[in-house]
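A.B. asks: Sharing a structure, written as C-alpha cells. Questions coming.
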Amino acid sequence: MAITIHEALRWASSFLQENGVEPTAGEWLLRHHGKMERAKLLASLRDPLPESVWQAFKQDVAVIASGVPVQHVIGYEQFYGRTFLVNGDVLIPRPETEELVALVLNKLKPGPQAILDVGTGSGAIALTLKLERPDCYVTATDISEKALDVARENAQRLGADITFAKGDLLAPVAGAVFDVIVSNPPYIPYRDRDSLAVHVREFEPEMALFAEEDGLMFYRRLAEEVPACIHPRSLVAVEIGAGQGEAVQALFAAAFPFADINIVYDINGKDRIVFVSGNLGRQGHNID
C-alpha cells in the first residue's frame, strides 16, 4: 500500500528532528519533489505519494539530515517573492535581508537612482531592488567570480538588467558615484564559528560569513571607502549582526559626522540594520 503525503511528512519531520535539523525542511523538500504549492500539499495530505517521489524524497531527507542545507539540495531559495538559485558558492538569502531591501525601497527617492550592492553573492539584494524599481540603475560587486556566476544566472532568469563588477568591496567601481549603497557583508566573528549550525558552518562559503576584528572589519573598510563613492544627499544601508549596532554606528559617524545614522531593530529586538542618510557631505551646512 502506497504511503500517503501525510505519512511521508510525519516520517520526515521525526527523522529530521532526531538529527537536529529543522523538521519543516521536510515539507519544503516534498513540495519540491511533488511540484506542489503549499496549499495543494495541505489539501492532498491523504493522497498516496507516487513511489518514485517517495524514493527520491527519502534519499534527499537523508542528505539534509547529514547537515546539507535544504536549499542546496533543491537548488534555490525564495526571496522577496522570487526564486533565486543558490549553491555552495553563495550565502543563502535570509528573511532578515528581505527587511533590509524593504526599508531601502521605502527610503528610495522618486526617479532614477544609481544603486550599488557591495558583496552581492546570489544577487538577491541587487536584483530585487532593480525588479522593484526598474527605473533605477543597479551595480553589484563581489570578490568571488563563482558568486558572480550565480548572480548573473539569477539576473538572466529573472529578467533583471544590472551591471556586475568583480573585485574587493568598492574597488571595482572606483571613480563612480552612487545615490544608494547597500551591503550585507560578512559579519560573524571567527570565534563564533563553532557555535553555528552545521548547515551554515560546513556548507556556506566562509568568505561570505566571517570577518576579523570582532566581525567589524568590513564595516570599518566600508566606512573608509564609501565617502568617495556617494553623493552628499544619499543613503547607505548595511545589514549587521546582533549586538554590532553601536559599533557600526560609531564607524559611520566618524566617516559622516553630519549624517543621520540610525539602528533598526528586528521583531526580536535585535539590532539588524544601520542606515546612514541626510547630509553625507564632509561639511555641516545644508546640501540641496
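Glycine too: its Cβ is placed from the backbone N, Cα and C atoms.
Feature list, courtesy of TrEMBL:
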BINDING   Gly119, Thr120, Gly121, Ser122, Gly123, Asp142, Asn184  S-adenosyl-L-methionine binding site
BINDING   Asn184, Pro185, Pro186, Tyr187  substrate binding site
DOMAIN    7-75  domain 'Release factor glutamine methyltransferase N-terminal'
DOMAIN    103-188  domain 'Methyltransferase small'
A.B. asks: The record names Gly119, Thr120, Gly121, Ser122, Gly123, Asp142, Asn184 as the residues that bind S-adenosyl-L-methionine; what is their largest Cα to Cα distance in Å?
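C.D. replies: Greatest Cα-Cα span of the listed binding residues: 12 Å.
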A.B. asks: Per DSSP, what is the residue count of the domain 'Methyltransferase small' (103-188) in each of helix, strand and coil?
C.D. replies: 31 helix, 22 strand, 33 coil
A.B. asks: Taking only the Cα atoms, work out how far Ser122 (S-adenosyl-L-methionine binding site) lies from Pro185 (substrate binding site), in Å, as a whole number.
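C.D. replies: The Cα atom of Ser122 (S-adenosyl-L-methionine binding site) is 13 Å away from the Cα atom of Pro185 (substrate binding site).
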A.B. asks: Work out, from DSSP, the number of helix, strand and coil residues along the domain 'Release factor glutamine methyltransferase N-terminal' (7-75).
C.D. replies: 48 helix, 1 strand, 20 coil
A.B. asks: Provide, as an integer number of angstrom, the distance between the C-alpha atoms of Gly121 (S-adenosyl-L-methionine binding site) and Pro185 (substrate binding site).
C.D. replies: 10
A.B. asks: From the centroid of the CB atoms of Gly119, Thr120, Gly121, Ser122, Gly123, Asp142, Asn184, the recorded S-adenosyl-L-methionine site, which same-chain residues not already listed sit within 8 A by their CB, in sequence order?
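C.D. replies: Checked against the 8 Å cutoff, the neighbours are Val90, Leu91, Asp117, Ala124, Ile125, Ala126, Ala140, Ala147, Ala151, Ala208.
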A.B. asks: Which of the binding-site residues Gly119, Thr120, Asp142 has its Cα nearest to the Cα of Pro186 (substrate binding site)?
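C.D. replies: Closest recorded candidate to Pro186 (substrate binding site) by Cα: Gly119.
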A.B. asks: Within 8 Å of the Cβ centre of Asn184, Pro185, Pro186, Tyr187, which other residues of the chain have their Cβ, at the recorded substrate site?
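C.D. replies: Checked against the 8 Å cutoff, the neighbours are Gly119, Ser183, Ala208, Ala211, Phe218, Val238, Glu239, Ile240, Gly241.
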A.B. asks: Near Gly123 (S-adenosyl-L-methionine binding site), how many other Cβ atoms are within 10 Å of its Cβ?
C.D. replies: 30
A.B. asks: Out of Gly119, Thr120, Gly123, Asp142, the binding-site residues in the record, which is closest to Tyr187 (substrate binding site) when you go by Cα distance?
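C.D. replies: Closest by Cα: Gly119.
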A.B. asks: Looking at the binding-site residues Gly119, Thr120, Gly123, which ones sit with their CA no more than 10 Å from the CA of Pro185 (substrate binding site)?
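C.D. replies: Those near Pro185 (substrate binding site) - Cα within 10 Å - are Gly119, Thr120, in sequence order.
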A.B. asks: Kindly state the mean pLDDT of the domain 'Methyltransferase small' (103-188) in the predicted structure.
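C.D. replies: Here the mean pLDDT over the domain 'Methyltransferase small' (103-188) amounts to 97.
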